[in-house]
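Listed in Swiss-Prot:
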DOMAIN    4-168  domain 'EngA-type G 1'
BINDING   10-17, 57-61, 120-123  GTP 1 binding site
DOMAIN    177-352  domain 'EngA-type G 2'
BINDING   183-190, 230-234, 295-298  GTP 2 binding site
DOMAIN    353-437  domain 'KH-like'
Amino acid sequence: MSKPIVAMVGRPNVGKSTLFNKLAGKRISIVQDTPGVTRDRVYAESEWLNRKFTMIDTGGIEPESSDIIVKQMRRQAQIAIEMADVIVFVVDGKEGLTAADQEVAQMLRKSKKPVVLVVNKIDRLALEENSYEFYNLGIGDPITISASQGLGLGDMLDEVVKYFNDPSEDEEDDEYIRIAMIGKPNVGKSSLINRLLGEERVIVSNVPGTTRDSIDSYLETEDGKFILVDTAGLRRKSKVKEEIERYSVIRTYAAIEKADVAILVIDAEQGITEQDEKIIGYAHEMNKAIMVVVNKWDLIEKDDKTLSNYQKDLQQKLKFMPYAKYLFISALTGQRVHKILSTAKYCYDNYSKRVSTGLLNDVISKAVLMKEPPVVALKRLKIYYATQVATKPPKFVFFVNDPNLLHFSYGRYLENQLRESFDFDGTGIEIEYRARKE
């Protein structure tokens, strides 16, 4: 089940980043060194009242003029409207209501998306009356907070989670495998989706997707029920490349967050780029099921070793996710396109797999017998037992004497044992080590 997305919108210097970091707490961390993935704090996981959600800070670079500020805020608001389940609109209680605030409020009102209006920098009771003028925005009662002091955050979060769907309401979509087609523009993502829809000749309905430019295509085939999401995004030109790049990353992240299977589509002639590595790195960090589809394979001159060598080169560049599945196709000619959905279903089945506790502990016991944990600081890791606590992705908890005694190479060894024993091919898995007394 994907987590709700909460997007923060507001002018520069109203305290969005302070609020973002306060809510994220210690949850933002570098889990591992994944090549090509920048930790620019675009997103963070958070939780309130046992509801987990993803926060996205839409703020980009700091503009220099008021005209640019308004343009940037329009973009922020548009992105939030496109992809968020709930929008948090942050305004400055000390500076007061501005024309830019009013313009963005108008966009948010028209969107019909849930909006929580937050008046920041109200750090003492005497400033409460500063919030009254924000009623003029017409988007509900303002909630006063001080992000820097942590005041009022509980009231704000209570309001945010009110708008989340009850998990049971999402059960209908749960029978569909949600696939995000990700990758740079012009690699053939849309052509590929059209080819899949055109070839299958089945029940297809189009419903508005998470982004204004994309349509979620519902598709039923002999391989299963699928939702195909094209992450094309906006194609507006901008003088500020960094800003557009950030917004592109935010959009793609949101699509991956809501997906079961992430399919990175690359152009066979261009090969894989740093941007591709960054994009698929997000899916890897979230432990999604992952496929790499090399499109336009018909344009490559080949001999009997071309495909094998090309795949080895890709696997070397993407060695941080050795479990990914690879396909070489042509959306234009239809070559191997029929294998995409069956491979996605295979990856999804592994992503959804549950392992019995008995079998799991047998495998772990044998793995430890074959290779003992190394000694760390004169002590050795002891694994008491393990259990699977979740699927989509598969998550395991290992109860041990001291998690600090786990050497990363031994952790990798145990993960490989799980993968080989239970066939977690094509999907990320998560292993957590918890301390337990003997």
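Here the Cβ of each residue, glycine as well, is placed from N, Cα and C on the backbone.
Overlay of Swiss-Prot feature records on the structure.
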| residue | record | CB count, 10 Å |
| --- | --- | --- |
| GLY10 | GTP 1 binding site | 25 |
| ASN13 | GTP 1 binding site | 13 |
| LYS16 | GTP 1 binding site | 22 |
| THR58 | GTP 1 binding site | 25 |
| ILE122 | GTP 1 binding site | 25 |
| GLY183 | GTP 2 binding site | 26 |
| ASN186 | GTP 2 binding site | 12 |
| LYS189 | GTP 2 binding site | 26 |
| THR231 | GTP 2 binding site | 26 |
| TRP297 | GTP 2 binding site | 23 |
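DSSP assigns ASN13 (GTP 1 binding site) to coil, not to a helix or a strand. The DSSP breakdown of the domain 'KH-like' (353-437) into helical (H, G, I), extended (E, B) and coil residues amounts to 32 helix, 25 strand, 28 coil. The Cα atom of TRP297 (GTP 2 binding site) lies nearest to that of LYS16, taking the binding-site residues ASN13, LYS16, ILE122 as the candidates. When the binding-site residues GLY183, ASN186, LYS189, THR231 are compared by Cα distance to LYS16 (GTP 1 binding site), the shortest distance belongs to THR231. Each residue contributes its Cα atom, and for LYS189 (GTP 2 binding site) and GLY10 (GTP 1 binding site) these two points are 32 Å apart. Ranking the binding-site residues GLY10, ASN13, THR58, ILE122 by the distance of their Cα atoms from the Cα of THR231 (GTP 2 binding site) places THR58 first. Cα-Cα distance from GLY10 (GTP 1 binding site) to GLY183 (GTP 2 binding site): 29 Å (rounded to the nearest whole number). Put simply, of the binding-site residues ASN13, THR58, ILE122, the one whose Cα is nearest the Cα of ASN186 (GTP 2 binding site) is THR58. In this structure the C-alpha atoms belonging to GLY183 (GTP 2 binding site) and ILE122 (GTP 1 binding site) are separated by 43 Å.
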